[in-house]
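As recorded in TrEMBL:
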DISULFID  C8-C17  disulfide bond
DISULFID  C47-C56  disulfide bond
DOMAIN    1-18  domain 'EGF-like'
DOMAIN    19-57  domain 'EGF-like'
Amino acid sequence: MTAYYCDCYAGFSGLDCGNGPLCKDSHICENGGTCKHIGDNAVTCICPAGFRGNKCEISEYDEIT
């Protein structure tokens, strides 16, 4: 296992510096999703189990018939 340390730019934090200013609006991701920076002006939502979509807005439970 390799240990590493990220020296984040101002305004960014976290183990991989993925927490940044675009994620300050806690309502970007729905249903408990976690916002992560993936570029200068881009974010993605890491969805919890049972949810998907750009903002974790789609419940996989609703699709079960």
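Heads up, the Cβ atoms here are built off N, Cα and C, so glycines get one too.
When the domain 'EGF-like' (1-18) is classified with DSSP, helix, strand and coil residues number 0 helix, 1 strand, 17 coil.
Across the range of the domain 'EGF-like' (19-57), the DSSP-based residue counts are 3 helix, 14 strand, 22 coil. When the disulfide-bonded residues C8, C56 are compared by the number of other C-beta atoms lying within 10 angstroms of their own C-beta, C8 comes out lowest.
Each residue contributes its Cα atom, and for C17 (disulfide bond) and C47 (disulfide bond) those atoms are 18 Å apart. Around the Cβ of C47 (disulfide bond), the number of neighbouring Cβ atoms within 10 Å comes to 21. Separation of the C-alpha atoms of C56 (disulfide bond) and C8 (disulfide bond): 27 Å, rounded to the nearest whole number.
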